[in-house]
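For reference, the structure is listed below as structure tokens.
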């Protein structure tokens, strides 16, 4: 599916890629270098092991610092590999090695964050035994890494869905303790009575428990069957359960706000990368 190049969401590749090799030239008095005799031949270069990665790159990819700063920390002895301090520049490690920075275990995979405006009729599981279309396929071009959805959205629910390979952040965002803010635009099968709106504001009994929402109100300049609701619950089905308890059916449900993220400049079915500031804001959620 398409990527949205909204402001702050653009990600451009960098580096000295795509260059061409310079042809040999003996102009301006440059003579060809004579081949060394067998006695002068240096030892053959060892072929690069594709399973190895430079330690400074490993540290930088983990997100703790830049590669230049990683060199400083390595020479200072802040980095250990399999329990041993490594100060050698250019040292290479295996992905399976245990690398720590001041005792903190590092993950060499670069952390990536992708926000999708999910369309209807897409499940949020990575694999579906019934062969239904997965939202994961919509962001397949966003990264070579495996990005997993943070939480779930019902197949019929549209709107914001975050994908990342940052396991630590995913765990925090999915924790019931964090009170993560989510706002939904809901369309019901019939107009919502003012009395029932008040019941939702005061709390509705669902599964023998009183469920309260952060806020609920009618949508401005819209029919009375359209409601805006803010919840802090991590249960993706709680909104439908609330209205079902009051004998309403949710016809459409669109997540328009997730934490500090909004749908601004992100059309349905498109995705974008989070900005650095957005990642920082999410990282502040405990």
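If you go along the chain as it appears here, the first residue is 1 and each next one adds 1.
Placement of Cβ uses the backbone N, Cα and C atoms for every residue, glycine included.
No curator has checked TrEMBL annotations; they are predicted automatically.
Listed in TrEMBL for this protein:
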type: COMPBIAS; residues: 1-13; note: compositional bias 'Basic and acidic residues'
type: DOMAIN; residues: 53-110; note: domain 'RNA-binding S4'
type: REGION; residues: 1-48; note: region 'Disordered'
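Mean predicted confidence for the domain 'RNA-binding S4' (53-110): the pLDDT average there is 91. Residue counts for the domain 'RNA-binding S4' (53-110) under DSSP, helix first, then strand, then coil, are 16 helix, 15 strand, 27 coil.
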